[in-house]
Amino acid sequence: MVEAGEIGGAAVFALAAAAALSAASSLGAVDFRRPLAAVGGGGAFEWDGVVPWLIGVLGGGDEAAAGGVSVGVAAWYEVWVRVRGGVIAPTLQVAVWVCMVMSVMLVVEATFNSAVSLGVKAIGWRPEWRFKWEPLAGADEEKGRGEYPMVMVQIPMYNELEVYKLSIGAACELKWPKDKLIVQVLDDSTDPFIKNLVELECESWASKGVNIKYVTRSSRKGFKAGALKKGMECDYTKQCEYIAIFDADFQPEPDFLLRTVPFLMHNPNVALVQARWAFGKDFIPNFAVNDTTSLLTRVQKMFFDYHFKVEQEAGSATFAFFSFNGTAGVWRTTAINEAGGWKDRTTVEDMDLAVRASLNGWKFIYVGDIRVKSELPSTYGAYCRQQFRWACGGANLFRKIAMDVLVAKDISLLKKFYMLYSFFLVRRVVAPMVACVLYNIIVPLSVMIPELFIPIWGVAYIPMALLIITTIRNPRNLHIMPFWILFESVMTVLRMRAALTGLMELSGFNKWTVTKKIGSSVEDTQVPLLPKTRKRLRDRINLPEIGFSVFLIFCASYNLIFHGKTSYYFNLYLQGLAFLLLGFNFTGNFACCQ
């Protein structure tokens, strides 16, 4: 059955597509009248002065030799022109038009999400408008204790020396009747010293009357999914109606359960309540982790702000579906079991469970007003590993679950379209592909291939539209927007490689790497350093980024010297510089832009 929220979401999506097409037509941006067959002509004038100059340089002062060299160079140049015009340019032209189509898909999707997000903000929409919520009686009052359901808090961790006390302490201090709360620490640590510390911390809280369980495994099979699955197999789990999950670096506020669990209690069709991640004192007073310690963390915060304020908000308000973020959420135990429990077939076990639960008809609620303290990766390498795991896992899940979505009987056609097209195809495949191929490969190459035609609306209007859409929901970050653009340009290479790895199940598609944590016991202006270890030079630099920087700087220099009908050299120089700096890890532990 199609719900009002789904109809509204479909209507907004259609309006976003119509608005994008109307704007493009009114500006005269969309013009597909230029035929593909015409690519072969029209760019030779740029080489008329270059070739004689090159021949003269190679020929030197000897006229006879110059004549021989001239003939040889001219012959090779003629071969290059024929290959370039007959093979390379047409091939790239096809790629250009594919990228144009993908760009339109991307801008329509972004417009839809932002329109919903802005609408939600404009009317002051809250989840309580759609889903029932009533406060519970005070946790310390004897009266009403019976209405409190049994809740278990799971904390999966792996060698979390820096943060294990913070997460365990925050979970044990949640406001909830002690006889109705179980804290389960799932410790996969391989370091005996850290394992002993975590166990002692659990024993310390147990001595204070907290019902805390310490669970270990003999192997790390399935990684986080395996640990969560092991935790669900414990006998005491069967008495728990709801499961709250927090990663080791997350610290919920004491009233977290009081604000989230009522949504599940009063709405039997809701499986998940997701809270927002918070990284600094702009969300939680007198709190700061590391959102302002470096340019890297500031840019990351922009990425996550857009994800929560736009993507999660839009999915929740329209189709009551979005991806579980893996932490800072509360699940209904029945929904987890009905969906088949935790599976380790991808590196995004959280997204996998969310999709399977949604296919069973369960709904999700995102509550942006509830924020949970967390930590951003403090180094470029850690952030890359995290993003690769997410991008690869999402694309791999698309490959594995698309057919299940198509044949599902408990969701509407509109929701199927949203899940397959918007959630998976555009965000997990199109976005990383088009951003990398068009702006980091095709545009740089076009300066050396004058026959290649790239529509101005594809390289100017659409990026500008996406920039405006992103800025609207991140006005506080306007001053670092240029750095965000360059940083995302670098990240597109990694995300495209990850998406292809997941789609094609290449080597390493199911590799899990834990993001290193550093804790929050540092001042805002100090960048915490990880324990230093001696590394080889090869491990201290990022060769793919340096290689791309050389390519981009070469193309920019070529465009500057042999100035043709396009002038991309300024942008290409900036992109090349960004690749070069991140290639040498210049941002990770460097405080700037305070």
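Placement of Cβ uses the backbone N, Cα and C atoms for every residue, glycine included.
Features of the protein shown, as given by TrEMBL:
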type     : residues : note
DOMAIN   : 242-444  : domain 'Glycosyltransferase 2-like'
TRANSMEM : 87-108   : transmembrane segment
TRANSMEM : 418-442  : transmembrane segment
TRANSMEM : 454-472  : transmembrane segment
TRANSMEM : 541-561  : transmembrane segment
TRANSMEM : 573-592  : transmembrane segment
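Only sequence-distant pairs (6 or more apart) were considered; of these, fewer than three Cβ pairs between the transmembrane segment (87-108) and the transmembrane segment (541-561) are under 8 A, so the stretches are not in contact. The average pLDDT computed over the domain 'Glycosyltransferase 2-like' (242-444) stands at 92. When Cβ-Cβ distances below 8 Å are used as the criterion, the transmembrane segment (541-561) is approached by residues 380-381, 384, 440, 444-445, 447-448, 490, 493-494, 567-570, 572-573, 575-580, 582-585 of the same chain, each at least six residues removed from its ends.
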